Amino acid sequence: MGKLPNITSNWAKAALVALIAFTMLVSVSLADGHAASADSSTTGSTLVSEDFTESSVSDSRWLAFGDACLTAASASPMADASKLGVCAKTEDTAYLAGQSDGFLQLTDNSAGSTSDVLYNRAIPTSAGLDISFYQYQFATSDTGLGEADGIGFFLTDGSYTLDQPGPTGSNYGGALGYASIGDKSGIDNGVLGVGLDVYGNYANQPYVGTSCSTSNLFSPSSISLRGQGSGTDGYCLLKNGNGTYSTSNDALKTSAPAVSQSGADNGSLVHIVVSPVTEANPLPTVTISVNDTVVSSYQLTTALPSLVKFGFASSTGGGHSAHMVRLTSVKSVEPMDALNLVKTVNHDVTNGGTLQKVFKAGDTVPYSFEVSNTGNETLKGIKVTDPKISNIQCAEPAGGLTVANSMTCTGTYGPLTAAEASAGHFDNTAVATAQNEEDQTVTSNESSATIPTYTTGNLAVTKKVTGSGASAVDEGDSYSVNYSYPAGAYQYCSADGTATASDTDEQYAAGSGTLQVKADGTAVSSSQIPTGAKVELSEVQPSNTSSINWESPSFSPQSVTIGCQGTTSDVQLTNTADQVSGSVSWKKTDAAASGTMLAGSQWELTKPDGSTETVVDNGQNDADSVEGQLKVSDLAWGEYSLKETKAPTGYVLNAKPYSFKVDSKDLNVSLGSIANTAGNTGLVLKKTSDPASGSTVKRGQTITYSVTAHNTGNVDLPAVVVTDDMSKVLNAARSSMVRRRPQSMVSMPDP
């Protein structure tokens, strides 16, 4: 039983019922009255012959779920028959067990019962549908919270498998096996739902029909129509276009059926008519009557599929009653040929079908050919021919195709060519033949299937690396480029390159992919993408290394609109790799005392561009604060030369040039120790006088003394000071200081 919406008192329930009576509902409340009867087809062709009165159902395509059973059954079903069998639950229905002229029991009058009966056989709709059945909703004992829930009848797209029930059971009974409710999806590929709803929640929206925007309250003892849906989308109430036609408030509530009653008995006769369609008028009108009184008439706003399947569902909860059905007829409105053919795309995935609805070049299209015996004699030797399909397979039932039965043939076409996809649609026509009991050839109607097509293109990404660090990038490394596009409308490109919307309401799904590109200039192509898709690109930015820092990637263009069939949209990906600056370091040491570092050296560093810079230990351009250890940082990659220009004091200049290279493989160069040899020192003094020593010096004559210092070593000497104390000889003395370099003599003037 579905949930009652927050109504806890009898007066509140009565008030709500009164409110419903004054509100134009999508559901149709049943009240006493009279209206014109829906026309019952007397000329249509029989499509289904089952009525559920026997003890078994031979057609295994009748699928039973939950507590569904046959009241007339007294033994387990045969292995090759339907699993509808003996009823395990019989509250208020035990008196019918094993009796002839039985019923399809959906539930007995017990709480927490569920059932679904699905007919996984397709029937054609183009000539209309005329479906009649008696329904029984009754109780002869306690009903708990009240009689509930109701009976659901529904149609689904016949090109899909119908082997999974919709929502039923505790908290979901209001959906009557058809529509979405709570956290449950509706039945797959639903096209029309009819709720014979005693409890009233089938009309409660969006409690049932969770995605529907129009709100509606629950409506006890009502019949409601719901439209197409899939998953949680759709299944919305359909407004009764011709107004509300009432019948007895208790039209859905019945008495318990009598034992072995083969006639109308005391059930309510439900008559559902779906009008025939033509190319000029593809939208059928659905008319529902109860006991020959029209209660709803509605013209659909979307066409029915060319094939449908159908089923019944019911459930009970805290409120409960028994629910039964006796099927009286399933036929077309207009008479059909003795052999009827309906060709569709095969969506029966259990029988080689596909869920795909729109196709592109390279796709293979699976088709199904539903062949129905709508005549009055058994047909044999059934064949289906299609000028474009040569591999049609038909499995004829043993003994031939009996009256009101059908069989499915299958075949494939493909792969579709680029020209076929570029047309926007692909059409082909088939016809079936058979031999009747007089061995005469019976030919079916021609049946065509039109599939919408779309075109595709792709994109190709080329990667280029620029920047100062580009030389360090291995062209063989791979990089991940991601692309994605949102869902959109299918398009196809005609021969002149014009993109046109495909004839379908379907949309292609959002897509994405990853390309592995290299920096070697090779273009890498994506898979095929629908024409018109807006593709965005991104790259997983490469990780920085010890020698390279990557900048953000740049795409040109950043986004791409996919073009026509066979076209490629080229994209340039540029990555800038910046080199990490290098360094060079060395030590100035004593050649004779390994490890002893010497301070005070100066150097000239020649750069890759030929420019030079001076490096002074613990001074200009030296990045190392330790005396005798030198380092130059922030070096660009390239060839360098280093030469000493001043040796430490007391050491011979090391004039050897040292060449080195800074690159990604050797970023921080170490030259190790550069040694200097200690110098040899020597100083020779020579003193002369004028007049010469030993000469007679006249009174008042001036004597001039000269002292010469000669550097006889191989290293520079610091300033040399020469002193000569002549105070004992002369009353006045003058001194001189001489500074000399190796192998040279310099006389210094008096201070």
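Keep in mind that glycine also has a Cβ here, set from the backbone N, Cα and C atoms.
According to TrEMBL, the feature domain 'DUF7507' maps to 338-444.
The feature domain 'DUF5979' is assigned by TrEMBL to 460-577. Residues belonging to the domain 'DUF5979' (460-577) score a mean pLDDT of 93 in the model.
Positions annotated as domain 'SpaA-like prealbumin fold' by TrEMBL: 582-666.
Positions annotated as domain 'DUF7927' by TrEMBL: 683-734.
Taking DSSP states H, G and I as helix and E and B as strand, the domain 'DUF5979' (460-577) has 3 helix, 62 strand, 53 coil.
According to DSSP, the domain 'SpaA-like prealbumin fold' (582-666) comprises 0 helix, 42 strand, 43 coil.
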